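S.K.: Sharing a structure, written as structure tokens. Questions coming.
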Amino acid sequence: MAPGEPFSQRRIGLTGGIASGKSSVGRWLAQQGLPVLDADQFAREALAPGHPATNSVMQRYGSTVRAEATEAIDRAALGRIVFHDPAERRWLEHLIHPIVRERFDQALSLHADTPAVVLMIPLLFEAGLESLCSEIWLVDCDESQQLERLIARDGLSPKAAQARIAAQWPLNQKRGLADHVVANQGHPGAWQPQARELLKMSPTAEL
């Protein structure tokens, strides 16, 4: 939890490495009735056709990232650029992160009277968004599992998958920054009892 005034609202920051299982935990939290604000969704919307950020990306990369016969961005082509060039990744993050932060502020205002909300943010620590959260849950798995899951999920080569993992802070660095670590090393859904106990906790317990 970031230092400062205590929140009147429980704000669960849900993060973890790529392919660690954040989305599964996020879907489960939504099934428990919590609004889930999704940074990835906000980022996708920011790069929709006609948006200012989309125009900036098109101006920088041109037809290389333009989906055939449309004004949309070919996200796979953009990924091949930014996950293999740290300077280009930083440029894109500097473009998108302020937009995502603004969308979170807007969404949190809409949910101001909701007792608890979830902020699902893959790059929570990298983007410095800890101050939005009253507590942070890290969905954790072994690095080897992370690689295997990413290759299977996205059909990537091992090299391409490693590049995407390397673009984020390592899980062992994030473990020490989270308030709670949700273990996702076992079979699918093995994390649910732990998540259920965390959800039942007082928002201020152990923080």
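Note that Cβ sites are derived from N, Cα and C of the backbone, with glycine treated the same way.
Quick paste from Swiss-Prot:
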- Ala19, Ser20, Gly21, Lys22, Ser23, Ser24: ATP binding site (BINDING)
- 11-207: domain 'DPCK' (DOMAIN)
S.K.: Pick from Ala19, Ser20, Lys22, Ser24: which of these binding-site residues has the biggest number of other Cβ atoms within 10 Å of its Cβ?
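M.R.: Per the Cβ count, the most surrounded site is Ser20.
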S.K.: Counting only residues 6+ apart in the same chain, whose Cβ is under 8 Å from the Cβ of Ser23 (ATP binding site)?
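M.R.: The list for Ser23 (ATP binding site) reads Met120, given in order along the sequence.
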S.K.: Work out the three-state DSSP category of Lys22 (ATP binding site).
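M.R.: SS state of Lys22 (ATP binding site) = helix.
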S.K.: Could you tally the C-beta atoms, other than its own, that fall within 10 angstroms of the C-beta of Gly21 (ATP binding site)?
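M.R.: Result for Gly21 (ATP binding site): 23 neighbouring Cβ atoms inside 10 Å.
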